[in-house]
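In TrEMBL this protein carries:
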ACT_SITE  687  active site, proton donor
BINDING   20, 115, 554  5-methyltetrahydropteroyltri-L-glutamate binding site
BINDING   424, 425, 426, 477, 592  L-methionine binding site
BINDING   424, 425, 426, 592  L-homocysteine binding site
BINDING   634, 636, 719  Zn(2+) 1 binding site
BINDING   658  Zn(2+) 2 binding site
DOMAIN    5-306  domain 'Cobalamin-independent methionine synthase MetE N-terminal'
DOMAIN    419-741  domain 'Cobalamin-independent methionine synthase MetE C-terminal/archaeal'
Ligand code: GLN
Ligand code: ZN
């Protein structure tokens with residue numbers, strides 16, 4: 001039997017966000033390219049050293065990046081769409097990442113079911129791949145110097161690269177045959193540099209459609225087997241599903257699987273293992289921030305060990321999804337901090353497990369006794385007497401059902417002109433507004449002063465919307481930094497880190513809240529601002545809440561109770577808020593759920609379970625609303641074709657969607673799906689600074705009226721306006737209202 005320890009990726013943003021800071025200075029021309037690259041290398045080498053010092057034996061190297069590792073591989077294989085050809089070097093890289101001189105960037109999308117976003121490679125028929133991996137070679141040399149034999153280069157596997165690409169007029173198999181010689185020569189080159197093993201990351205194997213890639217995988221890996229360098233085929237985020245029997249036959253030295261998600265253990269028990277291969281046991285959860293519980297993990301490892309003799313213990317995926325070091329969160333109560341585990345702690349956990357499994361009793365940073373003591377202390381600290389469990393248990397069908405059905409309650413709700421106009425909630429978050437919040441946070445403004453300043457913003461915003469002539473107004477969300485954080489900070493049960501940054505994309509990092517105990521609402525969270533806004537106008541002001549599913553999907557959640565229960569707890573808290581908003585006079589309330597769709601599990605067979613509780617959580621939140629109250633929801637980047645029935649089951653009165661960038665596909669899906677409630681058809685793209693003309697807006701609106709009955713249609717931008725400037729927002733909304741009025745006239749509706 002042999003046991004080693006490995007990693008398959010590490011945070012690369014810098015403990016103090018060095019990479020973001022350097023990158024942004026570089027973009028502002030305040031830092032040279034050399035200095036930027038030096039900073040990235042320093043961050044990378046520091047992380048190598050930490051992994052080595054902790055005792056990790058096989059350290060994944062090569063995942064450090066300026067912006068995105070998928071983009072890095074696009075560049076290394078020469079997958080450069082024509083529009084970027086005029087640029088070279090770092091300029092080209094920047095153009096591909098964020099667009100430059102009017103050249104639009106590559107599209108960005110979510111990396112599997114994580115909250116990380118990668119840049120989608122574009123492969124057109126005029127592209128022939130070519131090797132451009134000087135940076136990788138240089139990195140490997142440094143890795144060998146610093147880590148010696150411990151250095152294991154990470155390479156994005158060819159099938160995952162292609163599966164994630166946008167192929168235009170190109171056949172996957174044909175393009176694969178052009179790529180394979182490049183991969184092979186990369187492997188040979190690495191061998192010549194002194195590398196004995198590489199990791200080929202192929203998470204595409206966990207997608208539901210992976211079985212269709214069987215022949216391609218077999219062809220590719222048969223070819224790589226010639227290269228005489230050991231290959232660890234690394235997968236994560238879910239199980240191998242149907243591909244298991246043939247994947248374990250691929251000619252590689254090792255296969256790494258995720259044992260924190262999916263049913264890989266069952267698959268091994270069913271199909272057995274391929275005797276000679278090493279199994280990478282991804283058992284330390286790379287997607288969550290809790291200290292491991294040995295009683296839950298060790299039995300799993302023991303079970304695997306009975307079936308496989310050569311194993312490696314490792315995190316379930318790259319540690320890029322967790323922050324660096326929980327010990328830095330000094331402001332958090334000790335009982336909580338001690339059960340948090342960020343990247344550095346996870347390295348210790350890997351080691352700890354290896355020691356236990358090997359039966360060694362070395363002095364370790366972590367011991368079973370220590371872990372038990374930490375969890376016991378936390379248990380005492382986090383137990384609640386708030387009857388949350390009871391509230392959940394006592395829920396009945398009625399709590400999920402509005403008192404009247406949609407068609408009956410419709411006539412009771414606020415009367416509005418045909419094609420009512422509104423916005424999605426936020427208005428520009430200017431430098432001044434940010435400063436205001438910062439001053440309040442740092443104690444330079446007291447609460448009264450701060451609220452007065454926020455109210456001044458609200459008043460300006462209401463007046464402006466009146467002038468523009470919108471029908472349903474909003475208060476503007478000036479008091480909110482982030483749509484999840486704002487609620488988390490006011491609810492019991494959420495903790496916030498100071499240094500807990502994780503990369504969302506490129507230079508954008510987020511600090512996800514941590515749900516650590518039962519969620520309880522102690523006081524109203526949004527009523528004051530709503531009430532003030534409504535007092536300024538006779539038009540209805542739409543109150544704004546973030547929905548339970550979005551809060552769950554953008555937070556680190558507990559592992560001791562199901563996500564469903566956590567979503568329901570939040571739903572109960574939000575329900576109380578809705579009741580208070582109604583008492584304060586709200587006739588229209590929006591519950592945003594932008595993350596509902598993106599929370600879908602990777603494998604379709606698990607969708608219905610997720611959708612069932614996610615939709616229930618939304619219903620639980622909103623069913624308390626009186627039938628007179630109009631409930632809106634908003635979702636961005638939505639594709640609804642396959643989940644239209646679930647969207648319908650949300651039972652929102654009005655649904656606003658992103659539409660302008662999807663060429664009205666979403667709208668058509670909604671119409672074809674027979675959706676009968678109202679739809680806010682996003683009429684222009686707020687992600688772009690371009691102000692839409694009245695003509696463009698009219699034609700967009702006409703698409704709507706041609707697709708759906710008039711009484712179902714609302715008019716609004718496709719998302720919140722917080723990232724835009726007033727100079728863009730004001731003319732755009734004016735045009736939107738003018739276009740609507742023209743169309744009303746044309747249709748004789750006025
Ligand atoms: N109400 C939020 C806003 O307008 C919605 C944002 C979102 O869906 N991402 O900013
Ligand atoms: Zn949105």
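Cβ from N, Cα, C; glycine included.
On the structure: features taken from TrEMBL.
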residue : record                                                : DSSP class
20      : 5-methyltetrahydropteroyltri-L-glutamate binding site : helix
115     : 5-methyltetrahydropteroyltri-L-glutamate binding site : coil
425     : L-methionine binding site                             : coil
554     : 5-methyltetrahydropteroyltri-L-glutamate binding site : coil
592     : L-methionine binding site                             : strand
634     : Zn(2+) 1 binding site                                 : strand
658     : Zn(2+) 2 binding site                                 : coil
687     : active site, proton donor                             : coil
In three-state DSSP terms, residue 719 (Zn(2+) 1 binding site) is classed as coil
Sequence-ordered, the recorded positions among 20, 115, 554, 634, 687 whose CA is within 10 A of the CA of residue 592 (L-methionine binding site) come to 634
Rounded Cα distance, in Å, between residue 687 (active site, proton donor) and residue 719 (Zn(2+) 1 binding site) is 8
If you rank the binding-site residues 636, 719 by how many other Cβ atoms lie within 10 Å of their Cβ, the lowest count goes to 636
Candidates 425, 636, 719 (binding-site residues); nearest Cα to residue 554 (5-methyltetrahydropteroyltri-L-glutamate binding site) turns out to be 636
Across the domain 'Cobalamin-independent methionine synthase MetE C-terminal/archaeal' (419-741), the model's average pLDDT, rounded to a whole number, is 95
Per DSSP (helix/strand/coil reduction), residue 477 (L-methionine binding site) sits in coil
The answer for which recorded positions (425, 426, 554, 592, 658, 687) have a CB under 6 A from ligand 1 is 425, 426, 592
Among the binding-site residues listed as 424, 426, 477, 636, 658, the Cα nearest the Cα of residue 115 (5-methyltetrahydropteroyltri-L-glutamate binding site) belongs to 636
In whole Å, the longest Cα-Cα distance within the recorded L-homocysteine binders 424, 425, 426, 592 is 12
Taking only the CA atoms, the spacing between residue 426 (L-methionine binding site) and residue 20 (5-methyltetrahydropteroyltri-L-glutamate binding site), expressed in whole angstrom, is 26
Residue 636 (Zn(2+) 1 binding site) sits from residue 424 (L-methionine binding site) (Cα to Cα, rounded, in Å) at a distance of 10
Restricting the binding-site residues 425, 477, 636 to those with Cβ under 6 angstroms from ligand 2 leaves 636
Taking every pair from 20, 115, 554 (the record's 5-methyltetrahydropteroyltri-L-glutamate binders), the biggest C-alpha distance in Å rounds to 21
Cα nearest residue 636 (Zn(2+) 1 binding site) among binding-site residues (20, 425, 477, 658) -> 658
Rounding to whole Å, the Cα atoms of residue 20 (5-methyltetrahydropteroyltri-L-glutamate binding site) and residue 634 (Zn(2+) 1 binding site) are apart by 30
Quick note, residue 719 (Zn(2+) 1 binding site) and residue 658 (Zn(2+) 2 binding site): C-alpha atoms separated, nearest Å, by 7
